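Asker: Before I ask anything, here is the structure I am working with.
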Amino acid sequence: MWLPNLVRFVAVAYLICAGAILTYASGASASSSQSTPATPTHTTPNLTTAHGAGSDNTTNANGTESTHSHETTITCTKSLISVPYYKSVDMNCTTSVGVNYSEYRLEIYLNQRTPFSGTPPGDEENYINHNATKDQTLLLFSTAERKKSRRGGQLGVIPDRLPKRQLFNLPLHTEGGTKFPLTIKSVDWRTAGIYVWSLYAKNGTLVNSTSVTVSTYNAPLLDLSVHPSLKGENYRATCVVASYFPHSSVKLRWYKNAREVDFTKYVTNASSVWVDGLITRISTVSIPVDPEEEYTPSLRCSIDWYRDEVSFARIAKAGTPSVFVAPTVSVSVEDGDAVCTAKCVPSTGVFVSWSVNDHLPGVPSQDMTTGVCPSHSGLVNMQSRRPLSEENGEREYSCIIEGYPDGLPMFSDTVVYDASPIVEDRPVLTSIIAVTCGAAALALVVLITAVCFYCSKPSQAPYKKSDF
């Protein structure tokens, strides 16, 4: 009887132990799940990139290489460079793989471009630049052209493609090299543009490329000249915008007082470009006089210079024209002097200069103010005298009113006088001859009268003595 009871005891004990084990395992699992959150699992995709010949490499999103994978890239320190005109620029570009001549070919190109991709913000410039090259693509460097270099330190230059090869310092040819720096010695209109580093596989397939955009600028110099004018003539001024870059980067406007001047009616423009590529623009305004204006207006030249598409600077200069009354000048000969009379001249700042046969004489003149100009307030009349030349012959005596600003016509007058003795004695001789002829004529008249009177008396018979 004891054997069946033993079997029952063992079975019950087994069940109790099994239940305890399951309960413990369940509690441990629940405790673990509460104290440590489960970490979600992400699947990292593989990104396929451009490869060299015979490469099946891939790079995942975390930047780590998968088995048998490698990304081939070209990296430059800067992608946009903007510097002042004539400044040097260093561009440092590297490849992620060594450029072995048997596997790769690296080339550097220059795409000559203007800085404005769309419509230029400035005015159109009417000039012809015979020295400029059109927008084109130039090959500067190629690892496949190692034997065409002609100058030490200038390796890789493709001959006859650039006007001056010394514009650049090019990379050295190194088997398996990864560094391909390029230096522009002086940035100007020839060297501004987009520089492209391109890596090709042996079969000519483009592996990768990158670009660096280089732009340059030069701020303009603004000069305004307000021209003097005579009363009743147009107001004139000239604005010179010199040595600026880029092309079509200046917007110019004229203002009379605060009102903008009609560009098509009253403004003329001319532009020129120098061999260095800098532009100079000359703008001239000529505005008719408004008789209703009481005062002379102010003329202002204002420019907006765009260094690039997003930034600009405004520069302006203004001035008021000086208006003068044209004087009346006349020269005459009086009492052995040449006399110059100038009417309606400024009371200060002007004077008379003489010339004899276009030469300045050494004889001083005597200048004096003779009164005020009745038709123009603030102006005076003046007179200058100088002795006539004692030399024989014909002389031109010119009187010039000096002191007026440049831009006005010359105010002068000229008289011709001959001081030869024959010419000087001719009036006396003429007088003597006239008196003599007059006296002779008078004597002849008296004689004729006497003869006539004598002949008109009646004749009488002779008397005889016996008649007495």
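Glycine is no exception: its Cβ is also placed from the backbone N, Cα and C atoms.
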Asker: For CYS399, which disulfide partner does Swiss-Prot record out of CYS239, CYS301, CYS340?
Answerer: CYS340
Asker: State the disulphide partner of CYS301 as given in Swiss-Prot, choosing from CYS239, CYS344.
Answerer: CYS239
Asker: Once the DSSP letters are reduced so that anything not helix or strand counts as coil, what is ASN100 (N-linked glycosylation site)?
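Answerer: The residue in question, ASN100 (N-linked glycosylation site), is coil (DSSP, three-state).
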Asker: Compare the C-alpha of CYS399 (disulfide bond) with the C-alpha of each of the recorded positions CYS76, ASN92, CYS239, CYS344, and give the closest one.
Answerer: CYS344
Asker: When DSSP states are grouped into helix, strand and coil, how many residues of the domain 'Ig-like 2' (321-416) land in each?
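Answerer: Grouping H, G, I as helix and E, B as strand yields 0 helix, 56 strand, 40 coil.
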Asker: Would you identify the secondary structure of ASN203 (N-linked glycosylation site) according to DSSP, in three states?
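Answerer: ASN203 (N-linked glycosylation site) sits in coil per DSSP, no helix or strand.
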Asker: Tally every other Cβ atom lying within 10 Å of the Cβ atom of CYS344 (disulfide bond).
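Answerer: Here the count is 19.
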Asker: What is the total of other Cβ atoms whose distance to the Cβ of CYS239 (disulfide bond) is within 10 Å?
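Answerer: Taking all protein chains shown, CYS239 (disulfide bond) has 26 Cβ neighbours within 10 Å.
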Asker: Just to be sure I understand the packing, how many Cβ atoms besides its own are within 10 Å of the Cβ of ASN269 (N-linked glycosylation site)?
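Answerer: Result for ASN269 (N-linked glycosylation site): 15 neighbouring Cβ atoms inside 10 Å.
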Asker: If you draw a 10 Å sphere around the Cβ of CYS301 (disulfide bond), how many other Cβ atoms fall inside it, taking every protein chain shown into account?
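Answerer: For CYS301 (disulfide bond), the 10 Å Cβ neighbour count is 26.
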